[in-house]
Amino acid sequence: MMTPRVLGVLLLSRLLLWASGMEYSSNKQEQARRQPEQPRNVCLGLINKGQYESFHLENTASCFTKCTQSGNEGCNLENLQRYWLEFEHHLLESQSGIVNMSFLKAAVQNVSTNISEDLFFSLTPSQVPGQVTEDEREHPDRVRLPRSLFESLQSNRSEVLLAITVLDISPGNLFKGPQLSLEDGSRVLNNRLVGLSLGGIPVSRLAEPLEITFSHQHLPSNMALSCVFWDVTKGSAGDWSSTGCSTELRAKRTVCRCDHLTFFALLLKPILDRATVQFLVRISQAGCGASMIFLAFTIVLYAVLSVGHGPEQSDATCWVQGAVFHYFLLCTFTWMGLEAFHLYLLVIKVFNTYFGHYFLKLSLVGWGLPALIVFGTGSADSYGLYTIRDKRNATTLELCWFREKATASALYTTVHGYFLVTFLFGAVVLGLVAWKIFTLPSATAGKGQGPTWKGVFTVLGLSSLVGVTWWLAILTPLGRSTIYVFAVFNSLQGVFIFGWFTTLYFPSRSARASSSGTGRADQVHTMSHE
């Protein structure tokens, strides 16, 4: 039996323990209250990883606008892009029928592999994708899946799940990649991606390509469209690629044909952006600068070697002079061809045009290839005194060139043939560039003639770079008048290039005000990669 004193001690110890516990708990709560809460940044792409309920989709979609060019500190583009690329795998695994959200339209359905005709599905941005008829007028945005695609799967299965996704990525930085520069107006047309997946089966190298038709409004005259897909193997976060895809431009729609299934888009890029123009000028500066130096050297050499000019002139001196003239003529033709090649890369091919040390390689070809040809021609002893005679066989001019007794094949191969190759290549490239410039504005009829004249001046400027004035040499056999035309225009090629150069560097105020289609050159990387 406890005494009252013992009972009092026990009660007192209990009270002390309870008071100390309350104080400890209060201190812990105070510390937790004072410690700042760690933010949950959904745009790092980790919080919602693998979760595709409506809440998670909308939560992650908020990053389309948050991850802009000016503020990417809290964004992991690679994780976010992977999240959306894996969405179709989730659709196929969960066999979700329909997803209908403001930024995302998706559908999954079973498709028989034993079909008798191609399948068409609508891609209207405001509607969930669904099977439709072949009528283009009723469904301008659509995808055609060829019958042969499903026939190739008949041996393994009678049905296959097809997932179609239409995703609005907004004008942020997701799914832009290194190929697009937001400063020069490049973008994904309508910010729309189209995803196609077939039962989780990798589909590539189709014998008959699928077709995706994108409808669009009239395009600016200085912009070009290109069909691309998102290639996850390019770089650390992926990039756009056009491999396996072709582009067919129509009046108010573009048809993309691709030989595989993945996420597709239509890219809108300037035909000749400021970076392209600046790089063309850079090539011209290098080529013209070197040409002026060597031209001065040629004049001095000619003045020295022409002392005692005439039949008594030494064979060795005339051989050297003929070789020098031949070399610089070939350099002229070569650099015109390189100008056309660069135009092809920047305007026609556009994508997958990376070359390491690009400008160095151009210089090696521009100056080295003619040297090899001259070395081979000189080894055959083709240079020497050449005499031009009139109808009475009287000598009118003697010059050091290909000697009269030289093999005709040397002259026709290394001069005429070489010129013909560069002429044909330059003509084809210039024709394609002109076609792009003049066909795209045709969709903007009724907006005035300004873009047409701009296109004309652009083509004229580019034609001087690829040496159109030299093409007049083809007309010289027609008579003396064509020879005069060739002599006048060809001698003024430098004047034409100078005029185009000054137009680029000193545009009018109105031109500067309307140059929204091109970005500043110092903000855009060129493709030389020196």
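For all residues, glycine too, the Cβ spot is worked out from N, Cα and C.
Now, the feature entries from TrEMBL:
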type     : residues : note
DOMAIN   : 119-274  : domain 'GAIN-B'
DOMAIN   : 318-505  : domain 'G-protein coupled receptors family 2 profile 2'
REGION   : 510-530  : region 'Disordered'
SIGNAL   : 1-21     : signal peptide
TRANSMEM : 288-305  : transmembrane segment
TRANSMEM : 325-346  : transmembrane segment
TRANSMEM : 358-376  : transmembrane segment
TRANSMEM : 415-435  : transmembrane segment
TRANSMEM : 456-476  : transmembrane segment
TRANSMEM : 482-506  : transmembrane segment
The transmembrane segment (415-435) in contact with the transmembrane segment (482-506), cutoff 8 A, at least 3 CB pairs, sep 6+: no
Residues of the parent chain within Cβ reach of the transmembrane segment (482-506), under 8 Å, 6 or more residues beyond its termini: 277, 281, 284, 288, 457, 460-461, 464-465, 467, 469-470, 472-473, 475-476
Local confidence of the prediction over the domain 'G-protein coupled receptors family 2 profile 2' (318-505), expressed as mean pLDDT: 82
